[in-house]
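Input: a single structure, listed below in structure tokens.
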Amino acid sequence: MAVQISKKRKFVADGIFKAELNEFLTRELAEDGYSGVEVRVTPTRTEIIILATRTQNVLGEKGRRIRELTAVVQKRFGFPEGSVELYAEEVATRGLCAIAQAESLRYKLLGGLAVRRACYGVLRFIMESGAKGCEVVVSGKLRGQRAKSMKFVDGLMIHSGDPVNYYVDTAVRHVLLRQGVLGIKVKIMLPWDPTGKIGPKKPLPDHVSIVEPKDEILPTTPISEQKGGKPEPPAMPQPVPTA
């Protein structure tokens, strides 16, 4: 008999499961462009979709790595045999994914690239991908012993209101360098997309759409219109006289 739990406890349990799963996959797949996870629960099994920029690395040779990850997830979270399935899905637009760009900046800094140059490169790539705006903040011991923060901004960025929840994608990462730990924060404002592929379907509250006027058909010959009053009944056909 299945154990009955309250709705409140169910939501908390689902949230903890997703947070732990996300933390585990972030640690395991950081070098493969891991960008998030989706969990779909069906009556027969649980489907876990891993979003990444390099899906081939996630799958591994002949699907070996994805099978290993499936076994680890199954054992860690106590799923019955064959009831959990892992899939790898490629991120549609890498430039509009804050997690992917934060990881990209992290590896640039680990490679020894100058902070300003690395941040401007990420900023330019995000804006070229069609973002409405972006903000990159790097803080820590950038130069010298005193910690400071550098902010790089381009385009439009909203900071308050409900649209922030679905228009702004945020990611935070940390990178350990010789001089200490640097913090990386990337915020991307997504564009409005009526199809919902690269951005939210819902437009911003202050969005004004101008409706194009219909083309007016100009009359080529004189015509007369009867406005108001009752239309005249059609004339009755006259009888044809017979000889």
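Cβ from N, Cα, C; glycine included.
The structure displayed is predicted, hence computed values, not measured ones.
Feature list (source: Swiss-Prot):
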type	residues	note
COMPBIAS	231-243	compositional bias 'Pro residues'
CROSSLNK	K214	SUMO2 cross-link
CROSSLNK	K230	SUMO2 cross-link
MOD_RES	A2	N-acetylalanine
MOD_RES	S6	phosphoserine
MOD_RES	S35	phosphoserine
MOD_RES	T42	phosphothreonine
MOD_RES	R64	asymmetric dimethylarginine
MOD_RES	R67	asymmetric dimethylarginine
MOD_RES	T70	phosphothreonine
MOD_RES	K132	N6-succinyllysine
MOD_RES	S209	phosphoserine
MOD_RES	T220	phosphothreonine
MOD_RES	S224	phosphoserine
MOD_RES	T242	phosphothreonine
REGION	214-243	region 'Disordered'
Residue from S6, T42, R64 whose C-alpha is spatially nearest that of T242 (phosphothreonine), among the modified residues: T42
Other CB atoms within 10 A, centred on T42 (phosphothreonine): 9
Modified residues near T70 (phosphothreonine), in sequence order, restricted to S6, T42, K132 and a 10 Å Cα cut-off: none
Neighbour-count leader, CB within 10 A, recorded positions: R64, K214: R64
For S35 (phosphoserine): intrachain residues, at least 6 apart, with Cβ closer than 8 Å: L51, A52, T53, V91, R94, C97, I99, A100
Fewest other C-beta atoms within 10 angstroms, as judged across R67, K132, which are the modified residues: R67
Which listed residue (T70, S209) has most other Cβ within 10 Å, given these are modified residues: T70
